[in-house]
Amino acid sequence: KINLPVIHQYVDYLVNEQNVKNVFVNGTTGEGLSLSIQERKQLAEEWMCQGKDKLDHVIIHVGALNLPECQELARHAAAIGADGIAVIAPFFFKPTNKDELVAFLQKVASEAPEVPFYYYHIPPLTGVKVRVEELLDGIKAQIPTFQGVKFSDTDLLDLAQCIHKNETGEFEFLYGVDEQLLGALALGVNGAVGSTYNYLGRQTNLMLQAFAKPDFALAQQYQFLTGEFLNFVIKLGFGVAQTKAVVTSVSGIPMGPPRLPLVAASSEFIVKAKAKLDSIVWPNGD
């Protein structure tokens, strides 16, 4: 079951300990697709309530496997004042081309006509291979609220072409593969959405600052160390359940077990992951 009272503590931890002031609710790490519609609404409301005057942006993921539920969640997000909504491509009966995908997204976005709209591109999980470069052509005419893309794919060629075409800067590209963020920054992404920022948000912000200076050598150090940790835990078996265990360990906030079919991280994983994270010496001295 979802644990609503812990959100207050979670918000304060993200803001005060990790310097993270923007959140993406009900996405992959939050197991959004494993929650009921009512649960997703409750979580969205709690994040909006607890984040008031503390968070800068709350983007609510409203994607689902069927259009009516997406539309219902989009209307709800608009009603509670979300700063943006995002939609994953449906992945059982899949859109097979750009036109089918845009038609689906348009039907969702139109239910929240005042709310910035993001497409959540994550082909490794959806199997929907429509390239974002193709998707963007003419999309503003069909979805006036289209704001950008949460780009969770390793295809940097597609990402580069998107940013190259975005000369006017009308779209935002938020990168979702944490271990490749520095490469995406070099291409020109605007920001990032990822699970590691729950427990490495402070270090990632320092990497962003180093990149902006620019101090590329320092930025590389942060990216390499993040990669060193992720490379270690991926070999142990790393997914949403294990991420929750790491966040619990670092924050002290009980993130709880995942919902079946996912199973909780083993005690062996928790011990090894904590030891590895504790062993890393960051450039800022942590």
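Heads up, the Cβ atoms here are built off N, Cα and C, so glycines get one too.
Counting only same-chain residues at least 6 apart in sequence, those with a Cβ under 8 Å from the Cβ of V193 (pyruvate binding site) are F24, G27, I59, K150, S152, L174, Y175, G176. Annotation source TrEMBL lists pyruvate binding site at T29, V193.
Sequence-distant contacts of Y120 (active site, proton donor/acceptor), defined by Cβ-Cβ distance under 8 angstroms and a gap of at least six in the same chain, are G27, H61, G63, A86, V87, I88, A89, V149, K150, S152. Annotated active site, proton donor/acceptor per TrEMBL: Y120, in sequence order.
Residues or ranges marked as active site, schiff-base intermediate with substrate by TrEMBL: K150. The Cβ neighbour count for K150 (active site, schiff-base intermediate with substrate), using a 10 Å radius and every protein chain shown, is 27.
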Residues satisfying Cβ distance under 8 Å from T29 (pyruvate binding site), sequence separation of at least 6: S195, N198, V240, T243, K244
